[in-house]
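Trainee: For reference, the structure I am asking about is given below.
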Amino acid sequence: MTQEQALTWTLTVKETVYYSAELQLPKSMPKSEKRERADKTIREMGLQNSMNTRIGGWGIKGLSGGQKRRLSICVELLTHPKFLLLDEPVSGLDSASSFYVMSRIVKLTQQYQMTVITAIHQPSSQVFGLFNNLCLLSLGKTLYFGPTFAANQFFVANGFPCPELQSPADHYLMTINSDFDEDTDIGNDPNEVIHLLAEAYKSSEVYMDTQREIATLCTQLIEGRGGLQASFITQCMVLSARSFKNMYRDLGYYWLRLGIYIALGFALGTLFYEIGFEFDSISARVSMILFVSSFLTILAVGGFPSFVEETKVFQCERLNGHYGVGSYVISHAISSTPYLLLISLIPGAIAYSFIGLQREPGQFIYFELVVLMAMLLVECQMMIVAAIVPNLLMGIISGAGVQGLMILGAGFFRLPNHLPHIFWKYPMYYISFHRYALEGLYKNEFEGLKFPAYPGGLPTVDGETLLKSVLHVEMGYSKWIDLAIMFGMVVAYRIMFFCIIKTKENVGPIIRDFMSSYTFRN
């Protein structure tokens, strides 16, 4: 359990533990037994009175800090693991709450025969007394590692006895603290104290006993979790259901975007109301199509904060082996598509009916499909950015920058035949999905229509001629090929998202080890 709580804030306590039980517990275990174990674990951590309380976040009141920490521990206790690593589980809690949380963990440790390793700062005397063993670290050195009860004797033997009526934990931390240049209350330079204790520990009997115990443990076979518990299909189904519920409850994920898109649909429809087929309608159609395919879809960048929150939950659960990367990528695609379809359909239908574009059902369906593909592509791009740049502000700026470059290279602001070959023509023009959205919508609207060659003239110029000579649209393939290319890019982006996550998992630790060793040497 990491120090930062990574929980889906829209879910309740019961939903969080139930979904986690479905993901972690063996597929051979009946669903009723999974629910029973989940309920038992909730009771063991004292959360039975908050089962139907949402976790809370983003200004919505929910669980307290201590309850969130207990819930995080609860999720990891479902499988009764052999090892449990807790990073500051009582940080931010008062002494009573800290003791309550740690005493619960001690009872469960004895019940399930677990080994718990906890990083803890400034524990109270009661909490400190719950630990069997103590490891003191400072400046990258081990100053003591052995039984808790023997630590006081070790400090006395080296000239640092604990004063009466003072907590041993406070005394140890004050003695080895190296964050301040001033001398400590004991009147010694902290660096000298740390060096003295480190050397004394290496020559102590406690050190010898610990080394012998470690050597014995290294010869034993340590049984792990044995890989993922739930099947791939189960992972996809559970994650899809959880993600769908999160998207439904989080107003900022899609509902706010839907409201804004509906307003823009009315705005676009009233601006280009009953566009007609006169000479001026040519430029109006081109401008409207550009807005729909480019500027309308770029608003999906607003969903980036929700992507970041979901990515944090995934990284935490993935770190503990709850499910695989493939199931996460597929489940997100399944759960988000209905909402994107809704966002594309309603505003698109409003704008299409107001503007008075071609009335054939086939043209309208194609228009909606192109908008949906554009929405899916922007969504995929934002997820890729969230995987690479998890910082909120930097991610929004990076995502908007990528979208801006692709819009510039789509062939509208500079016609395709006039684009500079370096970078803009190759490769930007060919990798920009806005290019295929523009081409598809151009063909969908202009093919089959005739327009006057000048204001007030007769409709003598057909749409195909305008597409080839004025807009420089490639007419060697149909509009359905443009749509198919966009769908292929959706699949390619999902695969890219999967590869980026796997690469970060494999390369990230190597880079961190290199940077830490480089920093240590310097």
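Using the three backbone atoms N, Cα and C, a Cβ is placed for every residue, glycine included.
Please treat TrEMBL annotations as automatic predictions, because they have not gone through curation.
If you look up TrEMBL, you'll see 2-90 marked as domain 'ABC transporter'. According to TrEMBL, the domain 'ABC transporter family G' annotation covers 121-202. Look at TrEMBL and you will find 234-446 tagged as domain 'ABC-2 type transporter transmembrane'. Look at TrEMBL and you will find 254-276, 288-308, 339-358, 364-385, 392-413, 480-501 tagged as transmembrane segment.
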Trainee: Mind tallying the domain 'ABC transporter' (2-90) by DSSP state, helix then strand then coil?
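Mentor: Each residue of the domain 'ABC transporter' (2-90) counted once, the result is 42 helix, 9 strand, 38 coil.
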Trainee: Is the transmembrane segment (254-276) packed against any residues at least 6 beyond its ends, judged by a Cβ distance under 8 Å, and which are they?
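Mentor: Those are 247, 284-285, 288, 291-292, 296, 299-300, 302-303, 339-340, 342-343, 346-351, 353-357, in sequence order.
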Trainee: How do the residues of the domain 'ABC transporter family G' (121-202) split into helix, strand and coil according to DSSP?
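Mentor: Output for the domain 'ABC transporter family G' (121-202) reads 36 helix, 13 strand, 33 coil.
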Trainee: I'm a bit unsure how to read this: which one of 288-308, 364-385, 480-501 has the highest number of Cβ pairs shorter than 8 Å with the transmembrane segment (392-413)?
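Mentor: Per the Cβ under 8 Å count, 288-308.
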Trainee: What average pLDDT is reported by the model for the domain 'ABC transporter family G' (121-202)?
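Mentor: Taking every residue in the domain 'ABC transporter family G' (121-202) and averaging pLDDT yields 84.
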Trainee: I need to check the long-range neighbours of the transmembrane segment (364-385): which residues 6 or more away from its ends have a CB within less than 8 Å of a CB in the stretch?
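Mentor: That would be 292-293, 296-298, 300-301, 303-304, 307, 311, 332, 336-337, 340-341, 343-345, 348-349, 352, 357-358, 395, 398-399, 402-403, 433-434, 437, 440-441, 444, 479-480, 482-483, 486-487, 489-490, 493-494, 496-497, 500.
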